[in-house]
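Notes follow once the structure below has been shown.
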Amino acid sequence: MSPDGIKLLKTPVLDKSKWMQLPRDVIIGHDVLAQLPKVCEDLQVSGSALVFSGKGTMDVAGSQVLSLVREVMDAELFIVDTITPEIISEAEEAGSGVDVFIGVGGGKVIDTAKIVSYNCCRPFISIPTAASHDGIASSRASVPVKGGSVSLEANPPIALIADTGIIAAAPHRLLAAGCADVISNYTAILDWELSHRLRGEPVSEYAIALARMTAEIISKNADLIKPHSEESAWTVVKALLSSGVAMSIAGSSRPASGGEHKFSHALDQIAPGKGLHGEQCGIGSIITMYLHGGDWRGIRTSLKKIGAPTTPKEMGIDDYSAAQALVLAHTIRPERFTILDMGVTEEVARELIAMLYEE
Ligand SMILES: NC(=O)C1=CN([C@@H]2O[C@H](COP(=O)(O)OP(=O)(O)OC[C@H]3O[C@@H](n4cnc5c(N)ncnc54)[C@H](OP(=O)(O)O)[C@@H]3O)[C@@H](O)[C@H]2O)C=CC1
Ligand SMILES: O=C(CO)COP(=O)(O)O
Ligand SMILES: [Zn+2]
């Protein structure tokens, strides 16, 4: 009984908690780069910044961002050529004592800034120059390591500033790769559900619903995704954002990364520097959708409409290497159970790659 005589009910304790981190300010649109000083003011970010950019993306937006940041705080530059544990340590040293990290570029630049931000316990602002991957707003980062790849916990951006003018001007190949990365959510989800049924891995229905809806929006609008159209850049950036949020809800990259991603990571080892991340995942998704017994032709049609490759040859990768990547995929993150972990022989792998060329 409470002091007021009200009978208190004993409620069962749910011994469960979850901490999800999501972006706070999201600015998407034409010429929004100029909003950066305002965003820093809104988020009360001041002091000093370390701006990460790439060799090519420096000219696209990195220099402009550096000038804008220097209007409101001290800023230094760190050029990311490739992402490795060594480069990350180097960047952490350069970022010691810095108040905010800003990533301006493609996926490698953004992932590096994200990891350094997490390790240095300082916020990070994401400024993608291309809609090529769904890590622009996620709380995960992928790092290639010897013999594979690791998915690390990282800081999601405190702010995402996506300038659709810059993104639409980027080579169409990058936008098409971003679409393919999102379309591959279809099979990532099937793999997660398979692991749930076979291994008892917990799933998040909300993360699955969001990731699937995102893939559906891109597939349904495949006809409307056009090169150098700011409208298309809008559509794709929003999809990448919601796919990233799905990963943050899940607390892992599971809703957006399954066997098709393991295939892509294996290709990065076997045929480095040929295909883009999203392109490889898209092709992997056609194959794993076939293995799941789903509409693999539908995935292939969407990718073709968008202008993403559907065969290894289109990425400059020979079929033998692609088949090897399929066989090796299960060795990448063996703890992540997918349909490719059920056993793919060399013979089957060759047949699966040949299937991609079928009319
Ligand atoms: N954290 C996550 O949740 C996710 C992470 N990823 C990771 O992201 C990476 C893939 O990203 P992706 O962007 O495809 O690869 P990269 O970061 O390697 O970028 C590909 C190329 O595009 C160039 N580029 C970027 N923007 C422009 C532009 N506007 N105009 C001309 N060139 C441009 C880059 O230039 P530059 O040389 O200047 O860099 C680079 O040469 C992988 O490492 C992948 O693992 C992918 C999905 C999700
Ligand atoms: O690329 C991702 C989602 O699109 C996530 O990357 P991982 O495969 O490294 O988890
Ligand atoms: Zn991906």
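Each Cβ is built from the backbone N, Cα and C atoms, and glycine gets one as well.
The substrate site recorded in TrEMBL includes Asp181, His265, and the single candidate from Asp134, Asp223, Asp295, Asp318 that the record places there is Asp134. Counting only the Cα atoms, the space from His265 (substrate binding site) to His277 (glycerol binding site) is about 8 angstrom. Of the chain residues outside the Zn(2+) site list Asp181, His261, His277, His133, Asp134, Ala180, Ser184, Ala256, Ser257, Glu260, Ser264, Gly278, Gln280, Cys281 have their Cβ within 8 Å of the site's Cβ mean position. Of all the binding-site residues listed here (Gly107, Val109, Asp111), Gly107 has the Cα closest to the Cα of Asp134 (glycerol binding site). Of all the binding-site residues listed here (His261, His265, His277), it is His277 whose C-beta has the fewest other C-beta atoms within 10 angstroms.
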